[in-house]
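Trainee: Take a look at this one; I'll ask things after.
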Amino acid sequence: MRFHVLTLFPQMIEQGLSESITGRALKQNIISLNTVNIRDFAHNKHNKVDDYTYGGGAGMLMQAEPVYQAVRSVVSQINKCNQVHSGDNSEKNTADENILYENTSYKNTAEEIKNHNARLIYVTPQGSVFNQQMAAEFAKCDDLIFLCGHYEGIDERVLEETVTDYVSIGDYVLTGGELPSMVMIDAISRLVPGVLHNDISAETESFHGNLLEYPQYSRPVEWHDKKVPEVLMSGNQKKIDAWRLEKSIERTKERRPDLYAGFKRLDKCREFLMKNKLLHIDMIELINRGCAEILFEADGEYLLRDMVSKVCFHTRPDEGGSKLIDLVQENVTKSVDKYSSQHIPETVTDQIVNGIVLHQNRYVELFTANGFNETVECRQAVYTNKEKLSVSGLYRPDGKPMPNGLIIRKLDACDIQEAAPMYPGFDNPDYIVDRIEAGAVYGAFLSDNTADDTINTLAGIIGIHEEGSIGMLYVKPQYRHQKLATALETYAFNRALENGWIPYGQIIAGNEASMRLQESMGLHFSKSSVYWMTKNNA
């Protein structure tokens with residue numbers, strides 16, 4: 001993750017982010033920080049970047065051209081960096097960094113920025129209020145550019161030309177955008193794999209799952225006549241988890257009634273889905289993991305959207321008609337989630353941009369008639385036991401090699417070239433690369449100790465899909481029949497259980513080998529199938 005901050009006060013940014021977790025991540029090159037002084041692009045005698053506003057009014061306004069040139073300098077850096085990473089070392093831009101950047105073929109620089117998996121965020125009280133879901137969305141980018149205003153703001157024309165997102169940290173006015181930028185960089189950095197030593201921390205902190213974090217205590221047991229609750233010292237993890245959930249709910253209801261209302265609405269939905277837990281495990285886990293938003297609900301019909309992958313999930317268990325289908329046909333949304341922090345498009349079909357998972361076969365034909373294509377039919381396979389699977393004879397949980405040399409570990413950027421061909425993806429060959437970079441793919445390595453140097457060969461992989469299911473399982477043909485698939489699934493399931501998740505996968509119809517593997521591991525199957533569909537853009 002590369003952060004770029006366009007500011008009049010670069011030292012303020014550098015000093016503010018040089019300590020604690022962000023400072024450590026910068027030193028370890030897990031994230032990078034590039035501060036750009038907008039004054040360097042003023043190109044006048046006094047490096048002046050502000051002027052009076054047309055139409056009168058108090059204060060000065062930052063001019064368009066210096067800001068634009070500062071933005072173009074960063075875009076040029078991103079271009080060069082992407083060329084290096086893609087192996088393209090051709091000199092496509094030989095201009096000196098300090099000369100003016102000419103207009104590109106893009107009429108809008110914001111469009112070019114998005115094409116590089118980047119965003120330019122203008123910090124303004126007029127923007128959408130920053131929250132944890134927004135932080136998670138930004139954390140998926142390769143580059144984030146923060147534009148810090150000052151004085152009375154920035155000339156509107158350059159904002160229209162360059163900005164992809166207008167973001168605020170609250171309904172109040174600050175001197176400039178530097179402090180809000182640092183707040184957002186801190187929050188986003190915590191979601192970058194490797195920044196936090198404990199991967200679970202980012203999943204359990206405040207605001208995850210529409211609930212505030214529970215109270216926490218450290219030594220001594222008694223302080224100022226206040227004792228640590230006995231349940232926390234009982235050693236009974238089940239009781240501890242129940243107490244923490246209860247306190248999270250109480251605290252959210254008391255301190256954030258807005259979040260509590262959203263929690264209750266999702267809790268009601270989860271209770272409804274639990275009537276057929278195996279079929280709806282994907283939707284239930286979205287809610288459990290704090291990633292779900294309700295786009296539509298009416299008379300036992302729900303449309304959820306995963307705030308991470310943007311995939312939608314639909315169910316109508318009874319035989320009644322679908323009101324959602326009526327809305328799709330009318331192309332109008334009459335009910336949206338008022339608790340959603342995200343912008344909801346005007347039409348239902350516009351909401352389902354990354355596909356939809358249907359949980360009843362009778363709706364496949366209806367969605368097909370309204371512009372969707374069925375891509376795959378799956379059965380849900382769920383590990384319902386809360387106890388971790390035994391690893392005996394499969395792998396060592398301490399990370400040391402088995403007698404046969406087997407080690408299972410999380411893949412990183414160094415493994416991409418070898419791992420990527422193992423999962424080409426249905427329509428996105430870069431999908432597995434994205435999942436590896438997100439820290440969501442694990443590999444089984446076998447060591448060859450016959451030579452002077454130990455060579456670790458990647459024999460198989462497994463991963464967690466963006467929407468939460470476990471999949472991408474693949475073992476190279478020459479390493480099959482050695483229980484590597486069982487070892488990989490056991491590893492992935494136990495990792496999920498450590499996070500407090502219910503492990504589940506979706507088995508493509510007709511994959512009998514996978515069905516037999518899941519049965520041998522004690523998974524339970526939904527009686528009926530789910531259907532992945534994509535929007536027909538033709």
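The backbone N, Cα and C atoms fix where each Cβ goes, glycine too.
Got these off TrEMBL a minute ago, pasting:
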BINDING   GLY149, ILE169, GLY170, ASP171, TYR172, VAL173, LEU174  S-adenosyl-L-methionine binding site
DOMAIN    406-538  domain 'N-acetyltransferase'
Trainee: Would you count the other CB atoms within 10 A of the CB of ASP171 (S-adenosyl-L-methionine binding site), including those on all shown protein chains?
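Mentor: Step by step: centre on the Cβ of ASP171 (S-adenosyl-L-methionine binding site), count other Cβ atoms within 10 Å, giving 7.
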Trainee: In the structure shown, with every protein chain counted, which of the binding-site residues ILE169, VAL173, LEU174 has the densest set of Cβ atoms within 10 angstroms of its Cβ?
Mentor: ILE169
Trainee: Would you give the longest CA-CA distance, in whole angstrom, between residues of GLY149, ILE169, GLY170, ASP171, TYR172, VAL173, LEU174, the set recorded as binding S-adenosyl-L-methionine?
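Mentor: Max span of the S-adenosyl-L-methionine binding residues, Cα based, is 16 Å.
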Trainee: Counting other Cβ atoms within 10 Å, pick out the least crowded of the binding-site residues GLY149, GLY170.
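Mentor: Counting other Cβ atoms within 10 Å of each of the binding-site residues GLY149, GLY170, the minimum falls on GLY170.
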Trainee: Output, ordered by sequence, the same-chain residues six or more apart from TYR172 (S-adenosyl-L-methionine binding site) with a CB under 8 Å from its CB, or 'none'.
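Mentor: Spatial neighbours, sequence-distant, of TYR172 (S-adenosyl-L-methionine binding site): PRO125.
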Trainee: For VAL173 (S-adenosyl-L-methionine binding site), just give me the three-state DSSP call.
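Mentor: The residue in question, VAL173 (S-adenosyl-L-methionine binding site), is coil (DSSP, three-state).
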Trainee: Treating G and I as helix alongside H, and B as strand alongside E, what does DSSP give for the domain 'N-acetyltransferase' (406-538) in helix, strand and coil?
Mentor: 44 helix, 46 strand, 43 coil
